[in-house]
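What TrEMBL says about this one:
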type: BINDING; residues: G10, A11, S12, S37, S88, M89, K90, T91, R123; note: FMN binding site
type: BINDING; residues: Y153, R169; note: dimethylallyl phosphate binding site
type: DOMAIN; residues: 2-171; note: domain 'Flavoprotein'
Amino acid sequence: MKRILVGISGASGAPIAIRLLQRLKESYDVETHLIMSDSACLTIEQETEYSVQQVKSLADIVYDIREIGAGPASGSFQIDEMIIVPCSMKTAAGIAGGYSDNLLLRAADVMLKEGRPLFLVARESPLSPIHLRNLQELGMIGVRIIPPMVSYYQGYKTIEEWTNNFVERLLEKLEIQNNVKAWDGM
Ligand SMILES: Cc1cc2nc3c(=O)[nH]c(=O)nc-3n(C[C@H](O)[C@H](O)[C@H](O)COP(=O)(O)O)c2cc1C
């Protein structure tokens, strides 16, 4: 059983997080832990038809972001991989600065100090020099930065189609069974 910690912060892209949680729920050998920021609740409301409660019901275990003494706050609590999707520039800054004043930031800090895999679906546009510096610093210490960028060559007709495919790529990175179609040339 693989334990995956999904963080949702308040950047645009809540539908990606929901699709990822749905796909993880289909994986019988994955236990999903979830932490959402307060701003994530706003973007879920703004960008999706889901209630916060419905999003929570997609995970096996849900933590309040203020629950700073919960399992993921400690390195002795085994989390195999953590992904923050979407990851706001504020949360990226908190991780880059080691400023762990909520459970989401603390859990990411623990992943780094324990040398465990951390993935950030970092989203902002345009990116300021401060955002770029923080992301670069994180990338240099092994954090995988996966911005939700559209590729036109794959010919998606709808944003749902693109979202579904992007989530398959995330599953591939998390080494979970996925439906990624390998590029077979032009
Ligand atoms: C609808 C909406 C969309 C937002 N989109 C982004 C975004 O794409 N990237 C970003 O860095 N912040 C975005 N923000 C601002 C963040 O939510 C804000 O900086 C917040 O403090 C982030 O806190 P968190 O990282 O704890 O979720 C957005 C806010 C709202 C309400």
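Counting begins at 1 with the first residue displayed.
The backbone N, Cα and C atoms fix where each Cβ goes, glycine too.
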Record-listed FMN binders G10, A11, S12, S37, S88, M89, K90, T91, R123 have a maximum CA to CA distance, in Å, of 15
Can you grab the distance from K90 (FMN binding site) over to R169 (dimethylallyl phosphate binding site)? Cα atoms, rounded to a whole Å. 24
Neighbourhood of S12 (FMN binding site), C-beta criterion under 8 angstroms, separation at least six: T43, E47, P86, R123
Integer average pLDDT (0 to 100) for the domain 'Flavoprotein' (2-171): 97
If the FMN site is taken as the center of the Cβ atoms of G10, A11, S12, S37, S88, M89, K90, T91, R123, which further residues of that chain fall within 8 Å of it by their Cβ? S9, S39, P86, C87, A92, E124
Measuring Cα to Cα, tell me the gap between Y153 (dimethylallyl phosphate binding site) and S88 (FMN binding site) in whole angstrom. 27
For R169 (dimethylallyl phosphate binding site), write down the residues of its own chain that are at least 6 apart in sequence and whose Cβ falls under 8 Å from its Cβ; none is a fine answer. I146, N178, V180
